[in-house]
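What follows is a set of notes on a single structure, which appears directly below.
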Amino acid sequence: MAIINENYLKLQGNYLFAEIARRVNKYKEENPDANIIRLGIGDVTRPLVPAIIKAMHEAVDEMGKAETFRGYGPEQGYSFLISKIIDNDYKARGISLDEDEVFVSDGAKSDTGNIQEIFGLDNLIAVTDPVYPVYVDSNVMAGRTGVIDSSGRFGKITYLPCTAENSFVPELPKNRVDMIYLCFPNNPTGMTLSKEQLKKWVDYARENKSIILYDSAYEAFIKEDNVPHSIYEIEGAKEVAIEFRSFSKTAGFTGTRCAYTVVPKEVVAYTKNGEEHQLNKLWNRRQTTKFNGVPYVIQRAAEAVYTEEGQKQIKETIDYYMTNASIIREGLKSIGLQVFGGVNAPYIWLKTPKGLSSWEFFDKLLNEVNIVGTPGVGFGPSGEGYFRLTAFGSRENTEEAVERIKTRLEI
Ligand SMILES: *Cc1c(COP(=O)(O)O)cnc(C)c1O
């Protein structure tokens, strides 16, 4: 008899997006002529920029000739891409990395989900609340948590509430934790940490021999100074932090798939007997065993992100989204809604008016102005009473949506 991994039974169904789809479909059936605008999507909509397309075409041609054909590449990624990542994303900010500290992959979702494999099952994990669900669910699957309670919290996980009351800055946990997931700029709140605020976490990790798993998928959207792009801008972080980056939001690679993870050789964790081990070695072993690398064509496409034209073109796309973000932000503010984020991230997080629940506000927005967003409670219990709108739509739809909210939403 084959036995299943019963930890999977502890997971919640994919309730959030299924329930959104159910409510939208029901509304559409009852109102077939309604022009519904979706500002809930977490996917980009602008096409890949010309510099990237050109590099991809050239790489495809190389694959068609015996002299330039490539089979298996290095599991960790080609040096041509890793060297550009280091020079542009790190050296330019005063951070030095060796090539064998950067691991190219098919996504930050896989990497943030897989990283827990190199850690023991007795580690206590901490996540911000609300949170990107991958961090929690991958640990549930591994058996690092208890069951979920009626408040939506899994046993053995330390939830760090991020709400308007603490300006979305998580407080250090009162109990000791071993693995800390941080994502800044944050999805879903769109909020950031300053260097001083992030330093507190680095200091905590160094004092407690904990590891910070730092997701900076939205780094390219940062506009303000004093917002760290990399956790390694903080002194001492190289000893305690693993950083995840992705070309998905930065350069529109959500369907193209390329990301990378930085595991400095200084980062160590311990055996139960207190023996030190480099996480870099463990992650390398994990990746070389279970992953065979990102396609050559895709790595050439990612390399083109770092050319002069590539940089200029992706910045135009990011500016396009961030103009949307500011249209949403300013529009909502002008009618007295309390809004957060949208300055250094493509997400706008709003406090629902009149104490409405996240789902009540979802229905109100759908019914009164035909706009679909994402209920904050779907990202964790502390998201209740909040709502997420994204800047990834078209300019036309974004402007139309904000106009409807300003003129027709009753608040
Ligand atoms: C979109 C997103 C990513 C990127 O995931 P990919 O697998 O690289 O597409 C990572 N983390 C967060 C929080 C995200 O929202």
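Keep in mind that glycine also has a Cβ here, set from the backbone N, Cα and C atoms.
Predicted automatically and left uncurated, TrEMBL annotations should be read as such.
The shown structure was predicted, so the numbers you read here are calculated from the model rather than taken from an experiment.
Positions annotated as substrate binding site by TrEMBL: Tyr15, Gly42, Lys109, Tyr132, Asn187, Asn292, Arg388. Mapped onto three states, the DSSP output places Arg388 (substrate binding site) in strand.
Cβ neighbours of Ser246 (pyridoxal 5'-phosphate binding site) (same chain, under 8 Å, six or more residues apart in sequence): Gly107, Ala108, Ala217, Phe253, Cys258, Ala259, Tyr260. The pyridoxal 5'-phosphate binding site annotation in TrEMBL covers Tyr72, Ala108, Lys109, Tyr132, Asn187, Tyr218, Ser246, Phe247, Ser248, Arg257, Asn292.
Annotated domain 'Aminotransferase class I/classII large' per TrEMBL: 35-405, in sequence order.
Sequence annotations record features per position, and here TrEMBL assigns N6-(pyridoxal phosphate)lysine to Lys249. Shown in sequence order, Val44, Ala217, Tyr218, Ala220, Phe221, Pro346 are the residues of the chain, 6+ apart in sequence, with a C-beta less than 8 angstroms from the C-beta of Lys249 (N6-(pyridoxal phosphate)lysine). In the three-state DSSP reading, Lys249 (N6-(pyridoxal phosphate)lysine) counts as helix.
Sequence-distant neighbours of Tyr15 (substrate binding site): residues of the same chain at least 6 apart with a C-beta under 8 Å from its C-beta are Gly378. By the rule that a residue counts when its Cβ sits under 6 Å from some atom of ligand 1, the binding-site residues Tyr15, Tyr72, Lys109, Asn292, Arg388 yield Lys109. Note: Gly42 (substrate binding site) has non-local neighbours Asn187, Thr374, Thr390, Phe392, i.e. same-chain residues 6+ apart with C-beta under 8 A of its own C-beta. Of the recorded residues, Ser248 (pyridoxal 5'-phosphate binding site) and Asn292 (substrate binding site) place their C-alpha atoms 20 Å from one another.
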